[in-house]
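Over in TrEMBL, the protein carries these features:
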COMPBIAS  31-45  compositional bias 'Gly residues'
COMPBIAS  49-72  compositional bias 'Basic and acidic residues'
COMPBIAS  439-461  compositional bias 'Basic and acidic residues'
COMPBIAS  466-476  compositional bias 'Gly residues'
COMPBIAS  486-523  compositional bias 'Basic and acidic residues'
COMPBIAS  585-594  compositional bias 'Polar residues'
COMPBIAS  622-636  compositional bias 'Polar residues'
DOMAIN    192-307  domain 'CRAL-TRIO'
REGION    27-72  region 'Disordered'
REGION    439-597  region 'Disordered'
REGION    622-642  region 'Disordered'
Amino acid sequence: GYVGNLTDEQDKKLREAWKQYFSILDKAKGGGKSGGGGGGGGDGEGYSDDPKKSGIANDDKAKDEAKAKEEQKALNELTEQYGQEALKEAFWKFIKLDDPDTCILRFLRARKWDVDRGMAMLAGCMKWRLDNGIEDLALQGDEGNAKIEKFLEQQRSGKTYAFGAAKNECPCCYIHVRKHFTKGQPAESMQKYVAYAMESFRLLLVPPNDKVVLFFDLNKFGLANMDWGCILYIVKCLEAYFPESLHTLVVYKAPWIFSGIWKILGPLLDPTVRSKVVFMSKPEECAHLLPADRLIAELGGDVDFDFTKAWQEPRDGENKVDEEEKKKRQDAFQKVADEYEEVTKKWAEGDSSKELLDKRLILVKKLRVAQFEKEPFTRGRTQLHRDATIDGQGIVTWMYKQKNGEAIRHIVGRKFCAAVIKRELKEIEEEGMSIKDAEKKTDDALEKQDWEKKDDKKGEEAAAGAGAGAAAGAGGAAAAAGSGEASKDEFHDAPVADKKTVAKAESKDHIAVPHDEKADKAANGHPQNGDAAPEANGNGDAVSKQKSNGGASDYGKSGDGAVSEKQCEYDQGSSAATDRHSTRLSHSYSTVDTAKNLVRIAFPSETSQSWGMQRRPYRLSLTSSPLHRLPSSSAGASRLGP
């Protein structure tokens, strides 16, 4: 029931669903616009602190009947309240980086392939997003949402955050329930925060994975932490507004007192959500999902991580953008979306020609690139941006500091990042390569860990003229040539900085880590300016063994005993380079162990005392750090980078 493996019957249902989507647009006649509030109106959505007054039936059949009525009511109200333009805009803003078919299929699977119910469910989701201004929450980011009462306190407390990825590459989200108190914040603020967190965590989803693993940490849980209204709202979001997004909900170290609560809560849950709840009390029980070297020490794992120390306060003006450029990029995205709709209308009516099917696939790639390019203008900054967990171009980088001092860098998203998709589109549209062959070239490059195609001369030329022309917001696209004209042929996995910026970024008084003079001298021969910040967005080669999912991620370890700091500062200076949030591992030197296919990085020992997303100020770094490349399998191998 997913894109790429649909049965003939499921394909038919998907086409019917798209026809209903267009029919809903045609029926829309209201004049309403987005609520602009965000995540819960007034006093919240009205979930009572008394579960007996929740209005939710214990019987699953009765719950399902109530949902059907609620969703049909929402569909009728949606078309009465909002017009075609508002609905279409809300739908495409909801899609974001997803394949549109993936989005529709979520609702069809959630309603067991009943098309009428699935589309009514989607309508209910759209109405919730419009009524509550969910997109405004995303646009405002941490800085803008600070005006909401007790909003930032939810993040500062470390009660909820995302950290790491499971074995199947699903991002892991933690909720430490003991840090939450029912009366600690208004219900409305909590609902806004929950909606915002879920919307933000979507940034961590990398195709083909579209689900998260959620840990409810009940260690030291007490009755004062049991917020019925909040928990029912979370479940409602998972079931109705972000359907089919939960892989597993782990209830971890539940005390005996929770057994009584579960007897009440369990029957209230949607049966699909309930089926994904598992109880665990030891790290060994999580190993099939999350090995110890990715599980935080607080839950018995080996990773030394404290979100309260990792948290970075939002900066004044961090969401400021060029409004003219914002409109330009939004219009560019909508042009692709309109073309996709026109092609999909023909497909939904039964056109299955290869030409049309290929066109839809190409437009999906173009939609993803266009979303990457408008993302820095239409989404406010989060902790994930500030600490450079995400690079804004499809790469997710996790750093696991082990209790023994070792560090593991885990990179997810190479296959579907902007640079790779752009390369595929160029090969398909300009060079006549088939979609299948272009994607196979990507898979081959992933298998060989062959990241970039750029000779030294080209790298030097690109670096020499980059500067402000390094269009980071445009997906690390063409760096400016020496004449100032953008190169149409040279793409990079990350912005290329000019030499002056490199020198400043590497100066002793500019970085926040100790420097090793001897190691710096030894590293002088490594490529720097000519390469595109390999460690900034995870497209470098400090990686080890390839994962079994076709190479979508990398997993690498550092040297023993010390670990680098994760350097980052995000800058929204000019419209030409609007989304520069990158990292720099300020290591002293690296060596390649070809036998084990590892890159081991040695760091100044003092650095191990303050890990990663730390207390000290972060610095701008757009540089290529000294780094040995993993050897390519052959001189003429197909490459992942363009």
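Please read every residue number as a count from 1 along the shown chain.
Glycine residues also receive a Cβ, built from the backbone N, Cα and C atoms like all the rest.
All TrEMBL annotations are machine predictions without curation.
Mean per-residue pLDDT, taken over the domain 'CRAL-TRIO' (192-307), amounts to 94. In the compositional bias 'Basic and acidic residues' (49-72), helix, strand and coil residues by DSSP number 16 helix, 0 strand, 8 coil.
Under DSSP, residues within the domain 'CRAL-TRIO' (192-307) fall into helix, strand and coil as 55 helix, 19 strand, 42 coil.
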